[in-house]
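*Asks:* Have a look at the structure that comes next, please.
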Amino acid sequence: MKLNKYIDHTLLKQDATKAEIKQLCDEAIEFDFATVCVNSYWTSYCKELLKGTNVGITNVVGFPLGACTTATKAFEVSEAIKDGATEIDMVLNIGALKDKNYELVLEDMKAVKKAAGSHVVKCIMENCLLTKEEIMKACEIAVEAGLEFVKTSTGFSKSGATFEDVKLMKSVVKDNALVKAAGGVRTFEDAQKMIEAGADRLGTSGGVAIIKGEENNASY
């Protein structure tokens, strides 16, 4: 199985340095990963480093809590795309979902998608904080909002992707959206199992180790 184009090569830790971001991009070019996934401060630098390659740039929005206003998320998206982002990973308004304020959750996603235009938008759901029913509802709303992906986790909460959650998400979105598994994908075997469960993309800081058949224990 050729995994490279499944991988969003990720570096989101708050103490990431310019040298580490350069290494991330160099590795993404070498292994021809789908995208690098970074915070917005680094987007324009990644654009410069990745110019002329097939590697995209995923920018996180409302990260990692998802609890900022809709207007803030939309502004973040506009700035990210202006700086060179090709894909957006937005964090769901988790509190609003738990309060069953589904209208706000939907409008939040729609506003991000509107700001993103033709760019791919993934909704990060933070499944470890959600019930099975909440995961299913969030997937349904993401499809209604026209988002291209649903995503399991930020990698910054209690736990990351599970095979069971990926299967559940895929069963809800079917062919209407894709699924991204993130957090805890550390080995080639993990990656294979996630893909078999229904994942179309993998968010991991260990893309190089995974491709080489090693285990990654680096922070996200």
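Using the three backbone atoms N, Cα and C, a Cβ is placed for every residue, glycine included.
Sequence annotations record features per position, and here Swiss-Prot assigns active site, proton donor/acceptor to ASP89, LYS180 based on sequence analysis. Among the features that Swiss-Prot reports, active site, schiff-base intermediate with acetaldehyde is placed at LYS151, with the record citing sequence analysis.
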*Asks:* Cα distance, LYS180 (active site, proton donor/acceptor) to ASP89 (active site, proton donor/acceptor), nearest Å?
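*Replies:* Answer for this pair: 10 Å between alpha carbons.
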*Asks:* Return one of helix, strand or coil for the residue listed as 'active site, schiff-base intermediate with acetaldehyde', based on DSSP.
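*Replies:* The three-state answer is strand.
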*Asks:* In sequence order, which same-chain residues at least six apart have a C-beta under 8 angstroms from LYS180 (active site, proton donor/acceptor)?
*Replies:* ASP8, ASP89, LYS122, PHE149, VAL150, LYS151, THR152, ALA199, ASP200, ARG201, LEU202, GLY203
*Asks:* Ten-angstrom check, please: count other Cβ atoms within 10 Å of the Cβ of ASP89 (active site, proton donor/acceptor), all chains counted.
*Replies:* 28
*Asks:* Near the residue listed as 'active site, schiff-base intermediate with acetaldehyde', how many other Cβ atoms are within 10 Å of its Cβ?
*Replies:* 29
